[in-house]
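Peer 1: I'd like to ask you about the structure that follows.
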Amino acid sequence: MSNGRTLAATRNTGPETTSVVKDFLALIKIGIVNSNLVTTFTGMWLAFQFTSRHFLQELDVILFTMLGAALIIGGSGAMNNFIDQDIDPIMKRTKARPTVTGRFKPNFVLTIALSFLIVGEILLFAASFAAGMWGLAGIFAYVVLYSMWSKRKHVSNTVVGSISGAIPPIIGFAAVEPALGPGALALFLIMFAWQPPHFYALAMKRTEEYRAAKIPMLPVVKGFKRTKYSMLFWILLLLPLPFLLPELGIGFLTLATALNLGWLILALKGFTAKDDMKWANRMFIYSLNHMTILFVSIIIFAVFS
């Protein structure tokens, strides 16, 4: 039972608690965590199907892998916020982050980031040694190669950042089958090729913000036309990659090809688009739907492979 004073206190602290939770989720980049967990699970699920092992007999592996992946991805996101706290106030997209508003102090952010990374790695190593090592590779690729090195110095920063974004499905696969195989390579390449056109679309929408923050994104350095050609290149590279997964059957290959061709057609329309911002937004939204549908379809078709 609660008395009136307790109820009043609860009502008064409710919005504050909600705000703290919202800021914490922003700190760990929960959207990126969730999307990467989809690809992590896809890699793990594919490994179960390809090795004929039953997932119900290895629920501990699934738990360790998913929690571990969530923690290292969230920890890496928090570390990125810690590193970028000097430029985030400049950009509209990032100026409300808790590291900018002062909600979370730098030492707290660093503590959270390191704690998540350490606990996450312990869980991944509990799943398999290979999963733990790939987790370390992902952390290094995102925190060091991307956040600390290429992001502020090189126009190829998006491509460098795509390495870390392609590792989660490898982590999932390695947790079940450490030897990996063609299936794991296919998922890595698909995710690697998908990311540049996705993030270039976002960069086009935020070109002036990146310019103000002196981040050498491709649209800032080379312009929109060069960016469109680069997006087209990566989508063309993506076209044959689903065929590295022939085990999933003709249904999957047909769906994946349709998704890729739809993206290709939209990319080609960019060269005649009258409103680049509107086109970039359509490309960005399509890329999100593309990734979601593709990886969910891999999970579904793998059951019948």
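Glycine is treated like the rest: Cβ placed from N, Cα and C.
Quick paste of what Swiss-Prot says about this protein:
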type     : residues : note
TRANSMEM : 30-50    : transmembrane segment
TRANSMEM : 59-79    : transmembrane segment
TRANSMEM : 108-128  : transmembrane segment
TRANSMEM : 129-149  : transmembrane segment
TRANSMEM : 154-176  : transmembrane segment
TRANSMEM : 180-202  : transmembrane segment
TRANSMEM : 232-252  : transmembrane segment
TRANSMEM : 253-273  : transmembrane segment
TRANSMEM : 284-304  : transmembrane segment
Peer 1: Within the same chain, where does the transmembrane segment (232-252) have neighbours whose Cβ lies under 8 angstroms from its own Cβ atoms, ignoring anything closer than 6 residues to its ends? I mean 6 or more beyond.
Peer 2: 50, 182-183, 185-186, 189-190, 193-194, 196-197, 260-261, 263-264, 267-268, 270, 294, 297-298, 301-302, 304-305
Peer 1: Going along the chain, which residues at least six beyond the ends of the transmembrane segment (284-304) come within the CB cut-off of under 8 Å?
Peer 2: 35, 38-39, 41-42, 45-46, 49-50, 187, 190, 194, 197-198, 201-202, 205, 242, 245, 247-249, 251-252, 255-256, 259-260, 262-263, 266
Peer 1: Under 8 Å for C-beta pairs, could you tell me which stretch among 30-50, 59-79, 180-202, 253-273 has the largest tally with the transmembrane segment (129-149)?
Peer 2: 59-79
Peer 1: Considering only Cβ pairs under 8 Å, which range in 30-50, 154-176, 180-202, 253-273 makes the most contacts with the transmembrane segment (108-128)?
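Peer 2: Comparing 30-50, 154-176, 180-202, 253-273 against the transmembrane segment (108-128), the winner is 154-176.
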Peer 1: Is the transmembrane segment (253-273) close to the transmembrane segment (154-176), in the sense of at least 3 CB pairs under 8 angstroms with a sequence gap of 6 or more?
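Peer 2: Answer no: the transmembrane segment (154-176) and the transmembrane segment (253-273) share fewer than 3 Cβ pairs below 8 Å.
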Peer 1: Go through the chain and flag residues at least 6 beyond the ends of the transmembrane segment (253-273) whose CB is under 8 A from any CB in it; none is fine as an answer.
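Peer 2: Distant Cβ neighbours of the transmembrane segment (253-273) are 197, 225, 228, 231-232, 235-236, 238-239, 242-243, 245-246, 279-280, 282-283, 286-287, 290, 293-294, 297.
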